[in-house]
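Quick notes on the structure that follows.
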Amino acid sequence: MADKHALMGSGSINKALAWLAAPAIIGLVIQTLYGLIDSVFVGRGLGDDGVLGLAALAVAFPVSHLLLSAAAGVGVGGSSFISRGFGAADSARVKKGVGNMLIMAFVVGIICTVLGLVFLKPILLVFGATESTMPFAYDYMYWIILGCTFQILTVTINAIVMAEGNSFYSMGMYTISSVTNIILDYIFIFEFGWGIQGAAVATILSQMLSVVILIFYLYKISKLDFGLKWLKFDKPAFLEIGKVGISEFLREGSLAIMFIIVIFNVNLYGDDSSVAIYGLINRIFGFVIIPAMGVVQGMIPLTGYNYGAKNYERVRKILKTASIWAIAISFVLGALTYIFTAELFSLFMTDTALIDEAVIAYWIADLSIPIVAFQIVGSAFMQALGQARASFILALIRQFSIIPVLAIIPYFMGLMGVWVAFPIADVLATAITLWFVWRQLKSLKKEEKMHAVYDKNPAAF
């Protein structure tokens, strides 16, 4: 424990970041890689309908993201509740938190399943499904929604694992479930011929496996001495978890609005194949930017620890180091995808004309990868310093800055304007982030001077 505190407070920042971020980066990369391979299998396994299958996945993605946002809401709300219990050595609070997290996961899962199945077709129409892609999107999302409770339970119980500090167990769980998903994808799509439904069933079965692995943790590895008796409804705990959870759900779920608007524009100026290209651009971009998101997973606790210790100079160095890491990794990965763009898209589709179109679209849309990495770091930096409002605003700006650009550029440039809108929006969002971070650094400098004066003459205060 002493070594851990020394590393956090005075050790090498590079070493501390690596120690904190590595499990998150590996876990996130594995999950994102699974999404890419899933798309490869759908694009290749559906034959002549491969492009329609890829377009259906693009339409289904924001719906899946809403489900993930609901799961994240339960996980973040519960994690916040029980982490304070751990910090205060309040075992009663921890028990209430864990029990009510699981109760909430079941409740949210049932609500999402019922509403999702009843309103699935209207939801998919809103998210951009066309007459051609609706059958594929419906077949895929039907199974995903049917089993979404397992996804919500996975995220919820994993939040408990992370709150106990067992990030490597979490990474192992996601690795096993992702590899299982990939294997089942191949079997169900290519061997059984289940098409896009096979991809969905494989996802649900792998999430069921995740729940089994996590329940094993609760009973056999966790120090919580978990039992079914913990599943006791406590109104104050339930409401406190829900309050934080709703905020996280709105923060993450708002991204779905951006997807609706983008897909609407892609459909307006393009066709189903254009939607498929947009979906693949999203997948590849997600893989490239994931390491930056992993870096901030390490940066947030490291920054918070040193800010709490009034170690202001180290806080500034952490921001600088994390920014360099995120930008450098994103630049290298982005450069590789630019060099091998045609080869990447040929993994998903065989039509050479469509591949050429996808290459140009990707080169334009993802031109700003390195500055997006800084935008992510800047938003996380504000969060780490307790500037929740500023962090929330920056998260929304990153998601919604594209909307006014989409209202103007595509009108003059058509589909090409949709792709051009992405780097323009990223530049706008990053400029605003720079301003927020600059102001926060100035505020940090003033705070540092005040504490220096206080340390010299406490009586003056």
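Glycine is treated like the rest: Cβ placed from N, Cα and C.
According to TrEMBL, the feature transmembrane segment maps to 16-34 (among others). Long-range contacts of the transmembrane segment (16-34) within its own chain (CB-CB distance under 8 A, at least 6 residues past either end) are made by residues 7-8, 167-168, 170-171, 174-175, 178, 181-182, 283, 286-287, 290-291, 293-295, 297-299, 301-302, 318, 321-322, 325.
Sequence-distant contacts of the transmembrane segment (54-77) (same chain, six or more residues past either end, CB-CB distance under 8 Å): 38-39, 42-43, 101, 104-105, 108, 112, 116, 123-124, 127-130, 132-133, 136-137, 140-141, 144-145, 148, 151-152, 154-156, 158-159, 196, 240-249, 252-253, 255-256, 259-260, 263, 272-273, 275-276, 278-280, 282, 348-349. Per TrEMBL, transmembrane segment is recorded for 54-77 (among others).
Sequence annotations record features per position, and here TrEMBL assigns transmembrane segment to 98-120 (among others). Within the chain carrying the transmembrane segment (98-120), a Cβ under 8 angstroms from the stretch's Cβ atoms is held by residues 63, 67, 70-71, 73-75, 77-78, 81-82, 138, 141-142, 145-146, 148-150, 152-153, 156-157, 159-160, 224, 226, 230-234, 237-238, 241-242, 245, all 6 or more beyond its ends.
The annotation transmembrane segment is assigned in TrEMBL to 140-161 (among others). If you look at the transmembrane segment (140-161), the same-chain residues 6 or more away from its ends with a CB under 8 A from one of its CBs are 56-57, 60, 63-64, 67-68, 70-72, 74-76, 78-79, 82, 98, 101-102, 104-106, 108-110, 112-113, 116-117, 120, 124, 167, 169-170, 173, 177, 196-197, 199-201, 203-204, 207-208, 210-211, 214-215, 217-218, 222, 224.
Among the features that TrEMBL reports, transmembrane segment is placed at 168-190 (among others). Packing against the transmembrane segment (168-190) from elsewhere in the chain are residues 23-24, 26-27, 30-31, 33-34, 37-38, 41-42, 45-46, 154, 158, 161-162, 197-199, 201-203, 205-207, 209-210, 213-214, 217, 221: each is 6 or more residues past its ends and has a CB under 8 Å from a CB in it.
Here TrEMBL flags 196-219 (among others) as transmembrane segment.
Residues or ranges marked as transmembrane segment by TrEMBL: 253-270 (among others).
Among the features that TrEMBL reports, transmembrane segment is placed at 276-300 (among others).
The feature transmembrane segment is assigned by TrEMBL to 321-340 (among others). When Cβ-Cβ distances below 8 Å are used as the criterion, the transmembrane segment (321-340) is approached by residues 13-14, 17, 284, 287-289, 291-292, 295-296, 298-299, 362-363, 366, 369-374, 376-377, 381 of the same chain, each at least six residues removed from its ends.
For 360-381 (among others), the entry in TrEMBL reads transmembrane segment.
The annotation transmembrane segment is assigned in TrEMBL to 393-413 (among others).
The feature transmembrane segment is assigned by TrEMBL to 419-438 (among others). Beyond the ends of the transmembrane segment (419-438), by six or more residues, the same chain brings 319, 360-361, 364-368, 371-372, 374-375, 378-379, 381-382, 390, 393-394, 397-398, 401-402, 405-406, 409-410, 413 to within a C-beta distance below 8 angstroms of the stretch.
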Q. Residues of the same chain, at least six outside the transmembrane segment (360-381), with any C-beta under 8 angstroms of its C-beta?
A. 277-278, 280-281, 284-285, 288-289, 292-293, 295-296, 299-300, 303, 319, 322-323, 326-327, 329-331, 333-334, 337-338, 341, 345, 391, 394-395, 398, 416, 419-420, 422-423, 426-427, 429-430, 433-434, 436-437, 440
